[in-house]
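Data block below; observations after.
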Amino acid sequence: MAASSLEQKLSRLEAKLKQENREARRRIDLNLDISPQRPRPIIVITLSPAPAPSQRAALQLPLANDGGSRSPSSESSPQHPTPPTRPRHMLGLPSTLFTPRSMESIEIDQKLQEIMKQTGYLTIGGQRYQAEINDLENLGEMGSGTCGQVWKMRFRKTGHIIAVKQMRRSGNKEENKRILMDLDVVLKSHDCPYIVQCFGTFITNTDVFIAMELMGTCAEKLKKRMQGPIPERILGKMTVAIVKALYYLKEKHGVIHRDVKPSNILLDERGQIKLCDFGISGRLVDSKAKTRSAGCAAYMAPERIDPPDPTKPDYDIRADVWSLGISLVELATGQFPYKNCKTDFEVLTKVLQEEPPLLPGHMGFSGDFQSFVKDCLTKDHRKRPKYNKLLEHSFIKHYEILEVDVASWFKDVMAKTESPRTSGVLSQHHLPFFSTSVTWGAWPLAAQTPFQSGVIRCRGRVPSPRRATGGSGGQPCVCAGGPGPSFTEMGPSPSPMLSNTFFTPDPGACPGASTWGLPRRRLCQLLTTSTPGCC
C-alpha cells in the first residue's frame, strides 16, 4: 500500500511538471506564431470609479427582529407589503470580505504599483539616469527560455553594455507572480555581491524589461564547454558565493530560492560568481515555505517530492541546500548523479529510494569537499544543516580566505572552447529593435533597421524563413539554459556599419534540445521535453 501511495504521489508530481511544460510550450508557440505584420494591440485596463450612492443597487439587509428585509432607502421610499418570510438566524461572519485568492491578487497589484514607481531609470556605477527602452541599442539575442528572452544591449547615454531580460505580461496570474517575484528580489538585492545586479526596469502595457549586469556564462554551459568536471578550487569559490547568496536571501528578505541548479549560477571574466533567476522563489512564513512550486525535478529535495501532507507544503531552506549538493556533485564529476533516467518519474523515484549521491573517492577530492557535499545531501532534512552551519564548515572557511584566480581560469576555458566561426554559419539581415508597442516573439520584422554585424552564438531560436523578411532565413538551433537570465557574452562586440550578422551554434548547447529549441534536462529525455527551468 505504501509503495502504491508513493507511486501515486510521483505520478501526480510528474503530471504537474509535464502540464507546466505544455503550458510553457503553448506560450512560446503563441508568441512565435503571431504574424509580424500585425502588431499586438495594447490593452489598457482602467479602473472605473465606484458608482454614486444613487446608482447603487439597494442592499437588502435582513432584520433580526422580524426576519423581513429592507433597503437602506426604505424610509424615504413608498412602503409596499412584503410576502411573509420565515425567521432567519443571524450568523456570525468573518470580518474580512476577501478570500485568500483575492488578497493574493491585491498583493500582486500593490507590488506592481510599487515597482512601477521605479521604472524608467537606470542606475549604473552609482549614477542614476532617466531612460526609456528606446535608449538601448540592441546588439543581439543572448538566449531565450520559457519566460522570455535575454538581449545584449548598449545604453546609448553612457556606452555601458548590459543584459536586458524581456518578459511578456499576460493575464495569467501565475506568470505575473513569477515576473513580479523576480523583479522584487533583484531590485531589493542591490547590496549583495553574490546576486546578479539589476540596473533598472522598464514596464510597458505588454512587456517587462529588466536591465541587469552582463555576466559571462553559467556553470551549466561551462561544464558542457569543458566536457568534463570543473576543478575543486573553482567549485570552492562557487560554493562560498552561492551559500552566502542564499543566506542573504533568507536573512534579509525571508526568501527561499527553490531553483538552485548550475544554469542559475553565473560567472564572468572578472572572476565574479553570482546567483540569478528568482521567478519561483517563495516567501518564508515562520521560516517555512507554505506554497508549492514545481521547479526542476532533477534537483528537487526528497521532502519536496514526498511531503507528509501534499496539500500543505511545509519545507524550509534546507531544500535549497540539497539542490546545491546535487549541483556540486554534477559539476565536480562532469555528469548528473542520477544516471540513465528517461522520465521525471524515474528521477524522482531514485531520489526517494536510493542512497544520496556522494563524491567518488578516486577523483582526488579533498576530505573537506567530500564532507561538505555529504552534509548537503543528508536525506533526512531535519538532520541536514542550514546556512549558518554550512558557513562554519571547514570547506567554506578554507575557500573564504584562499586566493583562487577564477578570472584567469574562466578566460582560459572560454578561449579554448570557442567554436569555429565558419561552422554552420547562418545569415540574417535584421535584428528586432525595442519598442514600447510590441512584445517579444511578435516583432514587426518588416520595419526593422539594419543592425551591426558580428558573430553571435545563438542559444535560442533563429528566426525561421516563414517569419523572416530578409536574408536566408534560419532554422531552429540548439538551446541551453532555462528561463533564467544566463547573461552570456557570446562573441566579440559587433562592429557597426556592416550589413548582416552571423548566427553560429554554440558548442555548449544542449544536445537534447527539441526541434523548436526548447531546453531539455541533461539526462532525462522527456517525451514532452523538460520542465520549465530545467536545462
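Placement of Cβ uses the backbone N, Cα and C atoms for every residue, glycine included.
Look at Swiss-Prot and you will find 2-30 tagged as coiled coil, backed by sequence analysis.
According to Swiss-Prot, the N-acetylalanine annotation covers Ala2, on the basis of similarity to another entry.
Swiss-Prot lists 37-73 with the feature region 'D domain', giving similarity to another entry as the kind of evidence.
The region 'Disordered' annotation in Swiss-Prot covers 63-93.
Annotation comment: Swiss-Prot describes 69-79 as compositional bias 'Low complexity'.
Gly148 (ATP binding site) falls within a strand segment according to DSSP. If you look up Swiss-Prot, you'll see Met142, Gly143, Ser144, Gly145, Thr146, Cys147, Gly148, Gln149, Val150, Lys165 marked as ATP binding site, on the strength of similarity to another entry.
Annotation comment: Swiss-Prot describes Asp259 as active site, proton acceptor. Classification of Asp259 (active site, proton acceptor) by DSSP places it in coil, neither helical nor stranded.
The phosphoserine annotation in Swiss-Prot covers Ser287 (among others) and rests on similarity to another entry.
Annotation comment: Swiss-Prot describes 393-416 as region 'DVD domain'. Away from its own ends, the region 'DVD domain' (393-416) comes close to residues 216-217, 222, 225-226, 231, 233-234, 236-237, 239-240, 243, 267-271, 273, 366, 368-369, 371-372, 375, 385 of its chain (Cβ-Cβ under 8 Å, at least six residues beyond either end).
What Swiss-Prot records for Ser427 (among others) is phosphoserine, and it gives similarity to another entry as the kind of evidence.
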Requested in this report: For Asp259 (active site, proton acceptor) and Met142 (ATP binding site), determine the Cα separation and express it in whole Å.
Outcome: 21
Query - pLDDT averaged over the residues of the coiled coil (2-30) - result: 66
Query - Met142 (ATP binding site) - helix vs strand vs coil (DSSP) - result: strand
Query raised in the report: Taking DSSP states H, G and I as helix and E and B as strand, how many residues of the region 'DVD domain' (393-416) are helix, strand and coil?
Result: 19 helix, 0 strand, 5 coil
Report task. Please work out the number of neighbouring Cβ atoms within 10 Å of the Cβ of Met142 (ATP binding site), leaving out its own Cβ. Result -> 27
Report summary line: For Val150 (ATP binding site), the number of neighbouring Cβ atoms whose distance to its own Cβ is within 10 Å equals 27
